[in-house]
Structures are given as C-alpha cells and as structure tokens.
Amino acid sequence: MFKLFTARQHDKIWDFDGGIHPPEMKLQSSTVPMRIAPLPDQLIIPLQQHLGPEGELRVRAGEQVLKGQPLTVGRGRTVPVHAPTSGMITAIAPHTTAHPSGLAELCVHITPDGEDRWREQQPWADYRQRDKMALLDRIHQAGIAGLGGAGFPTASKLQGGLNGIITLIINAAECEPYITADDRLMQEHADEVITGIHILRHLLQPQQVLIGIEDNKPEAIAALQRALRGQDDIHLRVVPTKYPSGGAKQLTKILTGKEVPFGKHSSSIGVLMQNVGTVVAIKRAVIDDEPLIERVVTLTGDALSSPGNFWARIGTPVLYLLKLAGFKPQNPPMVIMGGPLMGFTLPSLDVPIVKISNCILAPAETEMGLSEPEQSCIRCGLCVDACPAGLLPQQLYWFSRGEEHEKARNHNLFDCIECGACAYVCPSNIPLVQYYRQEKAEIRALDQESARAAEAKARFEAKQARLAREKLARELRHKQAAVKLTDADQQTVDAAVSRLTRQSDGSESVINIPAGQMPDNSAVIAAREARKAQARARQAEKQQARSTEETTDVVDPRQAAVAAAIARVKAKKAAQVQHVTTDVAEAGSEAIAEDPRKAAVAAAIARVKAKKAAQAQHVTTDVAEAGSEAMAEDPRKAAVAAAIARVKAKKAAQAQHVTTDVAEAGSEAIAEDPRKAAVAAAIARVKAKKAAQAINPD
C-alpha cells in the first residue's frame with residue numbers, strides 16, 4: 001500500500017518501522033468551524049506550563065493587570081506567562097493542574113473585568129529589518145513554547161539551531177485519533193501559517209523547508225496549497241496516515257530518510273522541527289506583538305453534544321469549556337486531557353487549560369470500551385513490532401517492574417516517545433506507557449539526588465582545600481614574621497653565636513665511660529678544689545685591703561683626730577649608760593626591799609632607758625662616722641659635722657629623759673605581785689648589763 005502511495009508522489013518519502021492504524025475518529029470535530037470561547041468568571045494561570053523552571057513573579061494579589069501583561073519573567077528555558085485578559089489578581093496560591101499526578105502547583109487567579117483591555121502593543125510590520133537576536137528575544141518574551149505537546153521553549157530551540165540547520169520541517173501530521181486542532185487551524189489560518197514559516201526561514205536560513213501533513217486532511221492540504229501558490233521555497237509533503245507519524249523522529253525519517261541516533265535530537269543531523277500551532281504563535285508574537293495567551297483546543301467525544309475546536313484563553317477551567325460543548329456527565333466520569341493513546345485522565349474538571357493542552361476528550365461509557373484487568377505478559381512480541389522507536393517494550397516493562405534502573409536506561413528507555421502503540425496492541429491489557437512514565441520519573445529523581453550529592457561533595461572538597469590553603473598561608477606568614485630581623489638584631493645574634501662557638505671550643509671534652517667501669521671523677525674534684533682555692537684567695541685579698549684602709553686612716557692626722565673624738569664620745573656614752581644601769585639596779589633593789597609594785601615599775605623604767613641609750617649610741621656613732629668622712633675630706637666640713645653631732649646627741653638625751661618620765665608615770669599601773677616584780681627586776685638587770693656590753697664591747 002505504501003509503495004502504491006509513493007508511486008503517485010513527485011517527491012520521495014520514506015517509511016519508519018512499527019506503527020499502528022487505530023480508528024481516526026476525527027470527523028466529529030474537523031468539519032465544524034472554530035468557535036471563540038467567552039471569558040470565564042475566573043482564570044487560573046499556572047506559572048509553569050513548559051519544559052523548564054517557572055519564572056519569577058512580577059505581580060501580587062490585589063493588583064490590576066492588562067491583557068498580555070507579563071505575570072512572570074525569566075531567561076533561557078524559563079518561559080514567562082501573561083495575563084489572558086484584563087482584570088484583578090484575586091489570589092496567588094496552589095491549584096490542581098493538568099498533570100497525571102494531580103498535584104497542586106502555584107497559580108495566579110485572575111477575575112476578568114470584562115473590558116479585555118490590551119497592554120501597549122508595538123507591532124513589527126517588517127520583521128526583516130530586525131536582527132536575529134531581537135527576533136529571538138521577542139519570541140521568548142511572548143512566552144512561546146512548543147504547542148505540539150512537548151512544551152519545549154521555542155526561543156531556546158531556535159537559538160540552538162541558528163547554525164548548522166539544513167532542513168526545517170513544519171509538523172502538520174496531527175496523527176493521534178480525535179485531535180483536529182491543527183487541522184482546523186490550517187483550514188482557517190493558512191496564511192498565518194505560511195507567514196510564520198517565513199519568519200523561521202529568515203531566522204534559521206535552512207537549505208530547504210518541508211511541511212509534512214497526513215493524507216486524511218484534504219481541506220487543510222487544499223488551504224495550504226492555495227497559500228503557497230507562487231512560492232517555490234516551501235515544499236508541501238503529503239504522507240500516508242499512520243500512527244505515530246507525527247513524532248519528531250518518525251516524521252524526520254519519513255521526509256528526509258535520516259534516522260536520529262539514540263539519545264540525540266533531530267538537530268544533531270541538521271533538522272529542526274516546529275508544530276503548526278507554534279508557527280502561528282510565532283507570527284502573532286513577532287508581527288502583532290501578541291504573547292501566547294490563547295490556543296486552539298479540540299473538544300470531542302460522544303459525551304459532548306456539540307464537539308468542535310475552540311479558541312480558549314490560557315487558564316480557562318476544563319469544566320467551563322465542556323459546558324460550552326454540551327457536556328453530559330458519565331458514570332463513572334472520564335475526561336481525558338490529550339488523545340486516547342498519549343493522554344491521561346484528569347483528576348479534577350477544575351484544572352485549567354495550559355499551553356500544551358490540545359484536546360479534551362469526553363468519551364461515552366461505550367465509546368472507549370470496558371476496562372479489562374491487567375494480565376501477565378505472554379511474551380508475544382507484538383509490542384516490539386508496533387514500537388516506532390525500535391525499542392524492546394517487553395524488556396523495558398520487566399526492568400521497570402523490577403526497578404532495575406540502570407538496565408532500563410541502557411535499553412534506551414528515554415528514547416520512548418510514549419505514543420502508546422505497544423499498550424494498544426498488548427493482548428494482556430498491560431498499561432506499558434504508565435510503567436515507562438513511572439520509571440522515567442524515578443530515574444530522574446535518582447539523577448537529581450546524585451547531582452545534589454555530587455554538588456555537596458564538591459562544595460565540601462572545595463571547603464577542605466580552602467582551609468588547607470589558609471593553613472599553609474598562616475604557617476608561611478608565621479615563618480616570615482619569625483625570620484624578620486633588623487640589622488642590629490642580626491649583629492647581636494651573630495655576636496652571641498660567635499661567643500657560644502668560642503666557649504664550645506674551649507670547653508672540656510665530653511667524658512666517655514666504658515660499660516662496666518666506674519667513672520673517674522678526679523678531674524672534676526681537682527677543678528672544684530681549684531675554684532675553692534681561688535675563692536679563699538679573693539677573700540684574703542679583700543681582708544687585707546680593708547686592714548690597709550684602716551691603717552691609712554690612722555696615719556692621717558685629720559682622720560686620727562676624728563677617730564679620737566669618736567672614741568671619747570663612745571666612752572662618755574658608755575659611762576652614762578653604766579651610771580644609768582647602776583642607778584636602775586640600786587633603785588630596783590630598794591624598790592624590791594620596800595615595795596614589790598615599785599620594783600616592777602623600776603624594772604620597766606630600766607628597760608626603756610636601756611633601749612633608748614642603745615638607740616642614742618647608734619645615732620651618735622653614725623653621726624660621728626659621717627663627720628669623720630667629711631673631716632677626712634675638709635677640716636671645715638669636719639668642724640660642721642662635729643657641731644651637728646653634738647646637737648643630735650643633746651636631742652637624743654632629751655628624748656631619753658622624756659621616755660624615762662613616761663615610764664615612771666606608767667609604773668603605777670603595775671599589778672601587785674611580789675614574785676612577778678622580783679622576776680621583772682632580775683630580767684631588767686640582765687638586759688641592762690647586756691645593753692652596756694653591746695655599747696662598749698672593749
């Protein structure tokens with residue numbers, strides 16, 4: 001059949017392995033003109049509607065926005081989203097989105113004001129006057145992502161293909177059953193499709209541009225042919241209907257005969273592909289300055305009384321659109337986002353339309369058939385024959401069930417396009433695509449965890465290396481600080497080193513003691529005796545020097561006179577002390593004989609007088625010695641010193657007399673005890689005698 005089809009074609013096309021021919025079910029909606037869905041009461045715009053991270057919010061709750069105003073911003077693979085209409089942001093909160101998991105994502109809730117007022121627009125009538133980077137930035141700021149289902153950021157994809165693209169392919173196959181959004185778009189907006197192709201051709205400068213469309217769309221083919229009239233640089237290729245001929249790798253093989261290697265993209269062989277809906281969005285963004293805020297959505301299925309295609313604003317709830325198409329709820333309820341083979345059942349009808357939502361399928365109870373239970377694999381091999389990617393679905397199924405992630409990866413699991421052909425032909429009703437999706441998610445989660453661990457390890461190693469460098473730097477600084485010496489310090493150090501060297505040269509040799517023998521200490525003993533002899537000699541020299549000085553002092557007449565004066569003073573003081581002592585003794589003996597109390601008083605007075613006499617004698621001696629030194633130097637000074645000595649001696653005698661009077665006055669307080677008085681008197685006599693001897697030892 002394929003050979004008969006290609007025989008009638010002027011341009012050569014190829015075929016791909018595998019594929020199936022399910023019922024098309026397209027006539028329910030392809031023959032009905034498109035309608036414009038009115039604005040709902042509330043729009044729910046998810047921040048992430050593409051393959052990449054979500055953008056940074058630029059609005060807040062309670063703020064008024066205009067139609068086309070950016071809600072988020074971003075660069076690279078972060079595609080911004082825009083306000084589909086003018087109104088107020090009532091909330092920024094999580095909401096369930098169109099995803100198989102049914103998880104909630106952050107969304108902007110907008111209540112339309114009914115005015116639908118645009119932000120300021122700046123159309124580009126002649127895009128050829130703009131450079132390529134300006135065009136790419138315009139496409140990026142418009143928030144355009146692939147509308148065929150993948151949602152890859154269009155600007156990033158085009159920027160990667162600025163160099164080396166040979167063939168530009170426009171994907172108009174739309175091969176999955178029930179879906180007719182691209183079909184109706186080409187029928188009613190063929191001119192915009194061709195204008196968008198020219199913009200891409202201006203950007204990429206490919207050698208050839210091909211439009212691939214299946215032969216089950218005669219009205220769309222005719223509309224494109226009319227729009228291409230007189231243009232020979234764009235070629236329309238009609239291909240036989242076969243699922244999934246709309247896959248990127250499969251359509252590339254059909255139109256060019258080239259196969260994309262495992263793990264690679266079509267750009268690796270010089271091919272870049274864009275969907276028809278994406279091309280129209282590019283045209284409106286570049287020329288009309290309209291961001292991607294609406295798209296064509298197919299509403300079909302036997303549960304709808306008026307199926308068709310609608311221009312729906314991004315963020316419109318699914319239930320609102322279903323009501324526009326005459327939705328009749330089924331039991332059990334089933335609404336599918338996407339087609340019957342690649343779509344998924346919605347967890348809630350309150351989820352919003354997003355940029356990659358091309359179809360909402362609401363089948364009746366009997367339309368999809370009864371759901372039969374899953375059975376064991378019988379290894380029939382039908383899934384292998386149907387796989388358009390040349391994989392081994394049976395092996396991938398076992399690896400996914402057994403959580404053998406590396407084996408699944410090595411068997412090219414990520415080359416699976418999840419077309420559902422294997423599950424369609426499986427006689428055991430095994431939902432193979434669900435297993436593959438789950439396995440891909442688990443592998444991605446493990447890869448992310450490994451990447452985080454590697455990043456943490458790299459940070460730790462970098463920290464350790466930094467600490468080691470800082471430690472080495474500190475040690476180097478310490479060494480440099482310790483070594484830094486001034487010239488004077490260096491000279492001092494050198495001098496000390498030289499002294500130590502000389503001392504070590506003159507020092508005694510080290511004594512070695514053989515094992516088992518007693519040490520010979522004779523040398524040490526001799527050295528010690530020599531040091532003692534030297535000490536005795538130095539002591540004798542000092543004594544001789546002192547005696548010589550005394551002899552010299554006596555020979556000198558002036559010093560002799562001073563010495564004689566000192567001797568007379570000492571003799572006089574000794575006589576006085578002796579007289580005082582005798583009087584004290586006599587008074588004490590008389591007091592003892594007469595009254596014990598008086599004896600105690602006398603003893604106390606004697607002690608005080610003896611002490612004062614000794615102090616006076618010491619002062620007089622010091623003064624005399626000082627005067628002798630002065631006299632030895634000068635006779636006039638000697639006379640002055642003698643006068644000063646006489647005055648000091650007189651004052652000392654007066655102080656002694658006062659002290660004696662005080663002692664006599666206090667003697668009345670002595671306790672009345674004969675024995676204690678006798679003892680005190682005896683002690684006083686002894687102390688007085690000792691004081692006299694100390695004053696005059698001669």
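Each Cβ is built from the backbone N, Cα and C atoms, and glycine gets one as well.
Noted in Swiss-Prot for the protein shown:
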BINDING   Cys377, Cys380, Cys383, Cys426  [4Fe-4S] cluster 1 binding site
BINDING   Cys387, Cys416, Cys419, Cys422  [4Fe-4S] cluster 2 binding site
DOMAIN    366-397  domain '4Fe-4S ferredoxin-type 1'
DOMAIN    407-436  domain '4Fe-4S ferredoxin-type 2'
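The structure, with features from Swiss-Prot marked on it.
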residue: Cys377; record: [4Fe-4S] cluster 1 binding site; contacts (Cβ under 8 Å, 6+ apart): Gln394, Tyr397, Trp398, Ser428, Ile430
residue: Cys380; record: [4Fe-4S] cluster 1 binding site; contacts (Cβ under 8 Å, 6+ apart): Pro427
residue: Cys383; record: [4Fe-4S] cluster 1 binding site; contacts (Cβ under 8 Å, 6+ apart): Pro393, Gln394, Ala421, Cys422, Ala423, Val425, Cys426, Leu432
residue: Cys387; record: [4Fe-4S] cluster 2 binding site; contacts (Cβ under 8 Å, 6+ apart): Asp17, Gly18, Pro393, Ala421, Cys422
residue: Cys416; record: [4Fe-4S] cluster 2 binding site; contacts (Cβ under 8 Å, 6+ apart): Ala389, Leu391, Leu396, Tyr436, Lys440
residue: Cys419; record: [4Fe-4S] cluster 2 binding site; contacts (Cβ under 8 Å, 6+ apart): Tyr243, Pro244, Gly247, Leu341, Met342, Pro388
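For the domain '4Fe-4S ferredoxin-type 1' (366-397), same-chain residues at least 6 beyond its ends with a Cβ under 8 Å from one of its own Cβ atoms are 16-20, 244, 247, 249-250, 301-303, 334, 340, 408, 411-413, 415-417, 419, 421-432, 435-436, 439. Annotated [4Fe-4S] cluster 1 site Cys377, Cys380, Cys383, Cys426; additional same-chain residues within 8 Å of its Cβ mean position, judged by their own Cβ, are Ile378, Arg379, Gly381, Leu382, Pro393, Gln394, Tyr397, Cys422, Val425, Pro427, Ser428, Ile430, Leu432.
Ranked by how many other Cβ atoms sit within 10 Å of their Cβ, the binding-site residues Cys422, Cys426 place Cys426 at the bottom. DSSP gives Cys383 ([4Fe-4S] cluster 1 binding site) a helix state. The helix, strand and coil residue counts that DSSP assigns across the domain '4Fe-4S ferredoxin-type 2' (407-436) are 17 helix, 0 strand, 13 coil.
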